[in-house]
Structure formats: structure tokens, C-alpha cells
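Here's what TrEMBL has on this protein:
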COMPBIAS  224-242  compositional bias 'Acidic residues'
REGION    47-73  region 'Disordered'
REGION    215-244  region 'Disordered'
REPEAT    131-173  repeat 'WD'
REPEAT    174-205  repeat 'WD'
REPEAT    256-297  repeat 'WD'
REPEAT    298-339  repeat 'WD'
REPEAT    342-382  repeat 'WD'
């Protein structure tokens, strides 16, 4: 290096980058060894119990009897994580890291893209607020569509919480369910919430909250190491205290209880007069809100449902399933209830959501996200391939940016054509420390416009500089 013609500043920058590369591979090496130890330990325990990792069925035995959503879904996620871990061991393990593997990772382009994502994410995606108080993982979250605008979270701790977006203070607790709360959605015009639960019911309940006085804006300029994948904290070890003394609602306005299995998701149809629920009994139900009457039972899926979503302006419903498909149900004509089946994934479809236009976006445990045109359903118009299973996705209404929550603790942003825009910052000190379960956009708020939640028991509010993000594309 002494005879180098490179300027001193450039040489210093290169040395710094190579140091980061060395630390990155060191982290991969350590993580690979830890994963191998965990897998061996798990296999020994399962072998001792006469079980196998691939043999567990969350719909049988005690799991079905108790309708324990958190245990069952963790069993499914364990399978996915196990497969991803062994795959990662083959790629990143010290014995198998070869020239062929280097090319499989994309050679030096992988390094360039990693550092490009790091610097870009730091400037365009900033963590604003953490919402801490649940005692177990958070499966779902959404933002109210009426004033006052608050954040709602649904957790495996059998509760749903409402939060002040600006202050991070818990405002209200719903404790009417006897099982894990798996989803939460808000009425389009009234102060009512819809929650789905492992107790085989969906609840509609009213809420009244008063927002606290606003706090000074946080300092979001501090730099961070976004791409460190190691975590020094154990599960559930989060900063802050739980909601000690908050108003609690314990009785639902209406209880919808026609399902014979875990109710995994629920949503309001346009207008808010009807709701749809999705269950592990392989059916979706349509109810009248005013009478709680069951109007239709939607059958056809071959395995458990994982999600349901309604169109923002039309009487359309989409249901997702472990049978690798999702179905579009059309209720616009009262006399005809047509259904279309979308095939294209090779593993569980974890969610499928509508955009404002004529598109559906689906995410899957097969590590892909697909964009579909409702007018041409034979094949997707775009496919996004990732390195980890995708959970409950969301699409921003105005700019149609897809937010992908992953099993590997990352959150990535893509446009509708499949171009990656950013990866949210993540390090030992910030971001999610466990599987990210759900994302939700809130474009009405200029500062906190994206929310994420995960099995580290916290929800996070982010500021995404959307104009700058699209300009850099």
C-alpha cells in the first residue's frame, strides 16, 4: 500500500470497507455455528420425545384442543426457520464457502449492494418510536381510520392495545378474548375495532380514547449499524415498561362465533356493515355487523386459512391459505358470488392484500412476493424473490410501495414492478430482534408513516422519506 497511487482519503475509506466486510463474514461464521448447535440440540430433544421437526401438525392433539395460536404458529415458524438455517449453513458455513458459493451470492456485487443499502436506508428510513408493553409476540397492527388517529396492536398475550402514535403511550387495553389475539382492524367511520382470536371467535368492540399532550420530536439523526444480524438480547428483553394503569375494555359489543377452529384474521367490508373472518377450519365467514348473523360461509381452500383482506372501495374479499393459493371472492352482484383461485406460490400464502387499483399483492413462506392484475389472473405481473419467508405485507395507498416483514428480522421496501427501494435499519440497538410479523402504512401522518411489529413484543413507528426513496430508484 505504500506504493499506491490512491489518495490517502480513498485508501482509508477502502480499508474501512474491507474491515466491515471482514466483520460481516465473522458474524456469519459465528451465527452459523450457533444455528448448528441449536439445531443439534433441538433434534436431540425431539428424538428423545419420539418426534421430528418436520412431523408436527399444529391442527392435531393438544394444540387443536386448546386452540393455542401462539404455540401452533411458532411450530410452523420453527419449520421455516429450520429450513432457512440449514440452507444458510450450506451457504455461509466455513467448510462450504467456495468460489461457487461466492458466485451464487452474486460475487462482489453482493458487497456493493449491501453497502449501498446501508447508506441509503440510513438517510431515507428512520426509527421514530417504539411501542412497548405487550407480554408476548405481536401478530398484527393497524391504524384507525377516524379521529383520533391511534395505533392498534394484536398480541399472543390475549390482548389488543391502542397507542398514541406521537408519544408511544398505551391508551387502552382490550381483554375480552380467551386466546391469542391474531389480528386487529378498525371500522371505516366509527370508533369500533374488530379482533380475531385463537379462542375461535371474532369480537367487535367500541373504544374511546383521549390523546395525551404531544412531546418534542425525537432526535433521529444518530447514525447506526443497520445490517448487523447478531443480537445481544434474549427474546422479550425490551426497553420500557408495560401498560400499568390504562383503561380496559373487557366486554365485546358483538361476538362472532361460528368457526370450529382458530380465527386467524378478520376485516371490515367497504361501508362497515359486514365483516369477513378467516379460520383454521379452512373456511371464511361473512357476518352482518348489526345482528351478528352469519350470511355466507366461503369454502374451497384445502388447508387452514392464514389471512383475509377486503378491497377499500369494492365488495371484494381475498383469502390466503396454507394450500399455497389465495382466492378472490366477488360480492358486488348480490345474486352471484364468484370465486377465482390464484396459483403461483409453492408454500403457504401468508397474506394477500388489495391495492387501491386493480392489483393484489401476495406474500408467501416460499420467500416470494407476487403482484397480480385482477383482470388477468393466470400469472403474476411481477415477482419479488427474497432470502426469507414473508409475513403480513402492506401496500401504501398513494405510492404503492410494498413493505415486506420477514422471518429473519428484516423489513424491505419494494415498488410494484419488483424494484427494491430500501431495507429498514436494523442493529443490536434498534429495529426488531425477532421475526417481524406485520407491516402497516399510515400515509396521513407525515412523520410516522410506517409501522412494523414482531415477536420481540414491540411495535415500531418509522419515517419513510417516500419522495426521496422514489427519486433514488
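Placed from the backbone N, Cα and C atoms, the Cβ positions cover glycine too.
Note that TrEMBL annotation is computational and uncurated.
Beyond its flanks by at least six residues, the repeat 'WD' (174-205) meets 67-70, 136, 139-146, 152-162, 248-257, 259-268, 270-272, 275, 277-279, 287, 289 of its own chain at Cβ-Cβ distances under 8 Å. Sequence-distant contacts of the repeat 'WD' (256-297), counting only residues of its own chain at least 6 positions beyond either end whose CB sits under 8 Å from a CB of the stretch, comprise 59, 64, 67, 69, 72, 140, 179, 182-183, 185-190, 192, 194-198, 200-204, 303-315, 317, 319-321, 329, 331, 337.
Residue counts for the repeat 'WD' (342-382) under DSSP, helix first, then strand, then coil, are 0 helix, 22 strand, 19 coil. Taking H, G and I as helix, E and B as strand and the rest as coil, DSSP gives the repeat 'WD' (174-205) the counts 0 helix, 17 strand, 15 coil.
Remark: secondary structure over the repeat 'WD' (256-297) totals 0 helix, 22 strand, 20 coil, with classes taken from DSSP. Sorting the repeat 'WD' (131-173) by DSSP state (H, G, I as helix; E, B as strand; all else coil) yields 0 helix, 21 strand, 22 coil. Looking only at the repeat 'WD' (342-382), the predicted model's pLDDT averages out at 94.
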